[in-house]
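Take a look at this one; I'll ask things after.
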Amino acid sequence: PPRRAPAPEPRDDDEEAASAGPDPWSREAREPGSGRSPIDDPEVLLDDARSFLRDLEGADRIAFWGAALVVLSCFMPWKETAADGDFLGLISLGFISFLFAVATMVFIGIRVRNLMDWASPMLPWGAQMVSTVVCLVWSLVFLKISSDTTLVPSPLGNSEMMNSSPSIGCFLGVLGAVIALLGGLMGLRRPQ
């Protein structure tokens, strides 16, 4: 006769689950008094982000989204060269504008959430304005240094092209920095 494995013993899943304790992945099993943190629960982080964006008033909202436009523009080509093609803002000197745009967004958050209540609100506003101005100036400097009008043979076809020229990302970076600067300046007129 063929050999067979013995039949498994019947087991009761309810008893095993009760003896193992609560499911560590279950949200209901957490202690109600422990509080929810963004690390434990991403929904808390998303709720905080939504409430922060709702708390932004007109001028702060304009400045924040202007800086966000600079950040998004860094994922686009900032410079096109005849030899190497397109360069994204993050892998070129446009990264400096990216850093100052993120700093602008952080300073707006610090001021709106009143995280530096021990200091004057002008301190984060001043830091926001400095980072916005540096972002704008650097975007304009990058626009200038990425423009080389020397004509070189085109890699495709029988024509000539500029050696280096700024691309759409650089122009969007300048536009976003101007919007962020205008939003910051509009914040001065806000009654406290």
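Cβ coordinates are placed from backbone N, Cα and C, and glycine is handled just like the others.
The structure displayed is predicted, hence computed values, not measured ones.
Sequence annotations record features per position, and here TrEMBL assigns region 'Disordered' to 1-42. Look at TrEMBL and you will find 62-78, 90-110, 122-145, 165-188 tagged as transmembrane segment.
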Give the one range among 62-78, 90-110, 122-145 whose Cβ atoms make the most pairs under 8 Å with those of the transmembrane segment (165-188).
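Counting Cβ pairs under 8 Å, the winner is 62-78.
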Sort out the residues at least 6 away from either end of the transmembrane segment (62-78), same chain, that have Cβ-Cβ distances under 8 Å to it, and list them.
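Residues 56, 86-90, 92, 94-95, 97-98, 101-102, 104-105, 108, 128, 132, 135, 139, 142, 146, 166-170, 172-173, 175-184, 186-187 contact the transmembrane segment (62-78) from elsewhere in the chain.
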